[in-house]
Amino acid sequence: MACSMANAVRPGLSDLPEGVDLSNPKEVRSLLIKLTHARKSTVYDTKIRRLHGVIVNSIMENYNSAEGELDMAITPLIPSHPDYAFLAGRVSAYMTQINTPKTFTDAVYGIQMAVGETNGFRSPMKPVKGGLSDEIVDFVNEHGARLDGMIDDVRDYSHNYMGITGLLNGVAIKVNKKLYERPQYVFMRVAMAMTDLSSETALEDIWQTYMLISGQCLSMASPVLFNGGTSSSNTASCFLLDMGDNMVSITKKVAQTMTLIAKNGGIGINFSKLRATGSKIGMAGKSSGIGGKLNLFDRVAQSVDQGENKRPGAIAGYLTDWHADMYDWLYSRYSGSGNEVNKRHVLNMGLVMSDLFMERVENDKEWSLFSPNDVVGLEELYGEKFVRAYRAHEANPKIKRTTVSARKLFSDIANMMWSTGEPYILFKDAVNERSNHKHLGTIKNSNLCCEIVQYCDTNEIAVCNLATICVSNFVNVETGEIDFEGIADAAGVACKGINNLIDKQNYDLGNEQLMRLADERTEEVVEVNGIKFDAKYNLVSYSNLKHRPQGIGMQGLHDVFMKLKIPYDSEMAFRLAALIQEAIYYGAVRESVKIAEEKGPYPSYYWDNNTHREGKLQFDFLEGFDRDRDLTHELFNWREVLKKFEKFGINNSVVTAQPPSASSSQLNDNVESIEAITSNRFTKGIKDGKFIIINKHLQKDLEDLGMWDAQMVGDIEANDGSIQNIERIPKNIREIYKTAREIDHKAVVKICAAIQPFIDQTISKNMFVPKNVDNPVQLIMENVILGHKMKLKTGMYYTRGIPAMKQQNFGKMNFQDKDIGKPVPELVDCEACSA
């Protein structure tokens, strides 16, 4: 696999010599001071001298004080050159290495011993409740020396300060506040979790996976990093729930939501079955509507803790576009309107839109709102069946309805999107017409980030398991080539690894909250590795093992464009995005078919009306798509893969999705997901403080042009991270480095449309509203309408308005040219550390 990071440290920073003994304090001290000297100034820089005299010596003497010195001494220099962020990361990496066990095996035993002591049991060689998983400990007992030999500690030095701090604070295992893992130990633990350790090729598979993850070519979702290889081992990212219109179901969903949030999952819930305000209950009762339920789940999200250093609980509730409580729901987060009792503060909301609603918006027609208990079954329909039933309900005088202007409602929705960033928009017809889960039923909601579309009902909790390919590290900058086969191979490794995670996940089988109600149990059984997962036992295991869903996507797409000098809003970018996504889909499908050849397809593959059994993949749902014409056969051996797919089936019902990748992109120093960079100068929070980052690609290009100086740093700051008004920068450079608010808002829609044929699920698509736009609400409406016309499944995740505070209000920097040094390719000896 030719990922540029898989076998080396970061290009342009590959100044770490081979053979450095990282366990020798004297050698590492010498190395760090040499790295500090890898910057030169026309005048000797007192800040860098202070870095020598204080930071490195503090590292050798006192870890805690060194952390504070690092923040004070290095981070203020980062705006002058991105390499300071890597220097800070390298110093932090060394501090971590001298304060964690010397080998991976020692770390495993240390964790087990510490957890065992907490539980009153001392034996590092045996499994301990709350520690690492039994299979990890057993495998380390047998193969510890081989695993230790795989660890490449130099790779810890390829992370910038933001990335390594995120890993250490949010992912690495601590017991009683003592840190046991450095980044490489995290990656090895995750690689082992993603491997079938009973396989004859286990060590080879661990090595392959470890190389990709530690090389920043493959990034696993947060729950995998948190829990992979531990006894808790919930590695799923997303859970989708469907709530019924009765107190038993509502109570059950509250309990299930609390349970799943505690497992580090993000939650998406369908609220559309709940009857509207004033609807009849029993003989004389009346419903309070969805408002109180929103507030209930809002409090759940605020009250459940996912554990130290992990992300807070988060829930998204979805509502259909014809629900009679539409306006109560719409204003539930707007402080100036609605009933305060029904307010939500952290609960996110999504709207499920039909083609019929969009048609009536376009034609300026009326739209009818109903209570679900008056139109039972309507939410299960889509397409022409929905249109016929909806019109019949409108024509029925016995059914109560509220009539509104479709265009006015759409405008009010867009106003809320501008004001609050929500609701998300999910296009129901596009989702279901191109669903791999048609054989299961109608999809009625998405997940927390609006990229997962899987079937769920009151007796089945949909699950998804995520990864992203760091596509920017498959670019050869010197030749301008992209290693598409390497991307496909990485997607295959992700697919194989996620399948192992699905099999090994701790499904909490005895948890009453995750069981079917007694009168709704069946005798269906799924068997994996000799363990029978009964439908009557657990709703999560049933869904995950029956359908084996995955969501493999990408991060760093804009990094690819910037490396290759391609504007984000160009036709070249749209075509390149499609090729990259095709590579990911090809690699994932190829591996899933290979697994099916060995182990068989996913169990629900054999159910009636399964589109995979009909020989269809996602691109086959698109009208006019021709496999011979539209697949890139010169790059990918699609014909061979499709032949095997038709013969053996596929091991996963869905393999691709496009998640937002916010935290993992930070760890890997990439622009998030498929998005354009938000600014060329931005602030990042680390620990208790913040520091400013300059776009590293822009800085390099300006440095190559001889334009990187103190004046340029100041100009970028004065323009709030934009370079469009800095006329001394060549126009072609300004085109390449337009930010998310400066590119044509249609560009991200076109990127999504380009990659959608190769995404089984959907795309977490944001909109960044341009500055100084005359009518932002109108622009939001146009963006959603364009997404609908281009057949996207997700019309919108977040709508990003203009931040209230300009970024230059924080940490205004004053640099002189002497502060703006250039990296020196060779290391410079320093007499101060030669002793």
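Just so it is clear, glycine is given a Cβ too, placed from its N, Cα and C backbone atoms.
Bear in mind that the values here come from a model prediction, so they are computed numbers and not experimental data.
As recorded in Swiss-Prot:
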- ASN447: active site, proton acceptor (ACT_SITE)
- CYS449: active site, cysteine radical intermediate (ACT_SITE)
- GLU451: active site, proton acceptor (ACT_SITE)
- SER222, SER237, CYS238, GLY266, ASN447, LEU448, CYS449, CYS450, GLU451, PRO660, SER661, ALA662, SER663, SER664: substrate binding site (BINDING)
- CYS238-CYS464: disulfide bond (DISULFID)
- CYS238: site 'Important for hydrogen atom transfer' (SITE)
- CYS464: site 'Important for hydrogen atom transfer' (SITE)
- TYR797: site 'Important for electron transfer' (SITE)
- TYR798: site 'Important for electron transfer' (SITE)
- CYS830: site 'Interacts with thioredoxin/glutaredoxin' (SITE)
- CYS833: site 'Interacts with thioredoxin/glutaredoxin' (SITE)
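Features recorded in Swiss-Prot, as mapped to the structure shown.
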residue: SER222; record: substrate binding site; DSSP (3 states): helix
residue: CYS238; record: substrate binding site; DSSP (3 states): strand
residue: ASN447; record: active site, proton acceptor; DSSP (3 states): coil
residue: CYS464; record: disulfide bond; DSSP (3 states): strand
residue: SER661; record: substrate binding site; DSSP (3 states): coil
residue: TYR797; record: site 'Important for electron transfer'; DSSP (3 states): coil
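The recorded positions close to the residue listed as 'active site, cysteine radical intermediate', defined as a CA atom within 10 A of its CA, are CYS238 out of SER222, CYS238, CYS464, SER663. Cα-Cα distances to TYR797 (site 'Important for electron transfer') place GLU451 within 10 Å, out of the recorded positions SER222, CYS238, GLU451. Across the fold, the C-alpha of CYS464 (disulfide bond) and the C-alpha of CYS238 (substrate binding site) stand 5 Å from each other. With respect to Cβ neighbours within 10 Å, the recorded sites TYR797, TYR798 differ, and TYR798 shows the lowest count. Spatial neighbours are here defined as Cα atoms within 10 angstroms of one another, and by that definition the neighbours of ASN447 (active site, proton acceptor) among the recorded positions SER222, CYS238, SER661, SER663, TYR798 are CYS238.
Other C-beta atoms found within 10 angstroms of the C-beta of CYS238 (substrate binding site) number 28, with every protein chain shown included. All protein chains considered, the CB of ASN447 (active site, proton acceptor) has 35 other CB atoms within 10 Å. Using a 10 Å radius centred on the Cβ of SER661 (substrate binding site) and all shown protein chains, the other Cβ atoms total 29. A gap of 11 Å separates the Cα atoms of GLU451 (active site, proton acceptor) and SER661 (substrate binding site). Across the structure, TYR798 (site 'Important for electron transfer') and SER222 (substrate binding site) place their CA atoms 20 angstrom apart. Binding of substrate is attributed in the record to SER222, SER237, CYS238, GLY266, ASN447, LEU448, CYS449, CYS450, GLU451, PRO660, SER661, ALA662, SER663, SER664, and the widest Cα separation among these residues amounts to 18 Å. Cβ neighbours within 10 Å of SER663 (substrate binding site), excluding its own Cβ and spanning all shown chains: 17.
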